[in-house]
Amino acid sequence: MQGVPGFNTVPNPNHYDKSIVLDIKPLRSLKPVFPNGNQGPPFVGCPPFGPSSSEYSSFFPFGAQQPTHDTPDLNQTQNTPIPSFVPPLRSYRTPTKTNGPSSSSGTKRGVGRPKGTTSVKKKEKKTVANEPNLDVQVVKKFSSDFDSGISAAEREDGNAYLVSSVLMRFDAVRRRLSQVEFTKSATSKAAGTLMSNGVRTNMKKRVGTVPGIEVGDIFFSRIEMCLVGLHMQTMAGIDYIISKAGSDEESLATSIVSSGRYEGEAQDPESLIYSGQGGNADKNRQASDQKLERGNLALENSLRKGNGVRVVRGEEDAASKTGKIYIYDGLYSISESWVEKGKSGCNTFKYKLVRQPGQPPAFGFWKSVQKWKEGLTTRPGLILPDLTSGAESKPVSLVNDVDEDKGPAYFTYTSSLKYSETFKLTQPVIGCSCSGSCSPGNHNCSCIRKNDGDLPYLNGVILVSRRPVIYECGPTCPCHASCKNRVIQTGLKSRLEVFKTRNRGWGLRSWDSLRAGSFICEYAGEVKDNGNLRGNQEEDAYVFDTSRVFNSFKWNYEPELVDEDPSTEVPEEFNLPSPLLISAKKFGNVARFMNHSCSPNVFWQPVIREGNGELVIHIAFFAMRHIPPMAELTYDYGISPTSEARDESLLHGQRTCLCGSEQCRGSFG
């Protein structure tokens, strides 16, 4: 890469000359080529790459078996299969040896939705060439007409908006595929669909920071990192570029992914001992010395040049069923390298990387939170270990490490809605008749019918799409308490913390990482009659009002990307039977502490379920995008309609916005 500074070095008599004993191949024969979506062959989530494993039992990519390599990467982890148009390192060949893509690479495959049943898989082996394969799909039917909304320049160089948009669109497609297909390949197929349709950014490889990606950002698969240009290799732990200086070529490392599985790799938040790639047992079960080529050579060159390398930490996460998550920990400098004997007795490269100063904590935060959870250390500034006094399924800490304030104004904690005797609820309801758990497609289930034939959640954990309203099972439904259509009523899923902010009073954040679509909490409090509350001029800053006007945003999947008719797109505008006004001033839960933001990471969704024989509207909050631990949780408070905002009461008037986001509109309320 042009512009990377170098410096003169003095030969060290004790330095180990790796090139003397190791077989070095010409670097130019290993030059990677990353074709764009239009150049690559159709994406196929099938052997030889194998299906990806389940995540929340159906969409986490970390349990799949890896393809067999002659010299597998020591740092690769078991994760999502590599898309066919992002070739692994072992597929690189010199131009003289490349015969071009095979004739079958351009052949269009059948389009449709796999059934995911055993019988289908058995039939797959007998499928003739001219029949569509029901279990191996290429979601490209609308590719020629699909407008990604991302220009060629934006695909090369992104920004914060594009990175957020690509990740949200990817996860929306993945959730929908997981919902309707019941297969293990939703992550791979979603990535292939987006790549083949040009929904990606930061495709230009670079040394240093990546536009739009912040230190501390989290990812739930390597494919996500590939889509936004953080780490282009979906399996290899080392990514690099080829820098040209005249007729000479030199590789420089751009990023590494530390799996945390190797000795010395993942404990110190300020430094990292990283093992080189290659040298594992080959097909004959014979281990060999690692060679100074590919990623190893790139790391060695980066040590000599002194360029920063992006480091992504793969870490265990008890909050996810697969126990794996990736944390971008910022730029590191390579301070030294050496060769040592591995357990197999063969030479292994080791590299020490040191975190560059002045960066916000990321992995360090992660390690601190793990210690708080395990009781190894006390949370600094802790006032109360459980603000809820046991009212929630998980404790909610009260913390202040900013000033001497000992807590918010007094209120009574409640985890449910309180209706006045005069408040009229919606129409009476009769529950479903399911004996076990409600199942998608079961039209005998009244709750499934109300949700248009689908379960609105993935395995009772993740919201698939925003809807005008969602129906959950209630007390009269005979289905089990563990039914996957009971989410918000089962309480908090994450360990939350109420904390004192520097300029916005008290706020809310999570000790756990939150995946996009994760349920956070509902807004609990007293349901008020709109007229009575608005006629009362008493200050009430803890009001949720569904009649406010909120900034619009698109969160759902695009039907064209999942081979569905665009006319069937699920509307995201809410359709409530009547406006809802909830005051959490006297009675409330953790939701009352969520602050406003013009660029929020949380959104609300109306959910209806039975209560005392009648339908009751609840307001549930879900993660808009992946939220790292200790990031403040915020949502859009909205503004009152112009006709109602003329009076100067706090409830309806404009308040100064202190969110500090680039999208800040200056006021809300």
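Cβ coordinates come from backbone N, Cα and C, glycine included.
As recorded in TrEMBL:
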type     : residues : note
COMPBIAS : 65-82    : compositional bias 'Polar residues'
COMPBIAS : 93-107   : compositional bias 'Polar residues'
DOMAIN   : 208-355  : domain 'YDG'
DOMAIN   : 430-491  : domain 'Pre-SET'
DOMAIN   : 494-638  : domain 'SET'
DOMAIN   : 653-669  : domain 'Post-SET'
REGION   : 56-127   : region 'Disordered'
REGION   : 270-290  : region 'Disordered'
**OP:** With DSSP as the yardstick, break the domain 'Pre-SET' (430-491) down into helix, strand and coil residue counts.
**Re:** 8 helix, 6 strand, 48 coil
Subject >> DSSP-derived helix, strand and coil totals, residue by residue, for the domain 'YDG' (208-355) >> reply: 18 helix, 59 strand, 71 coil
Subject >> DSSP helix/strand/coil residue counts for the domain 'SET' (494-638) >> reply: 17 helix, 54 strand, 74 coil
**OP:** Would you report the average pLDDT that the model assigns to the domain 'SET' (494-638)?
**Re:** 90
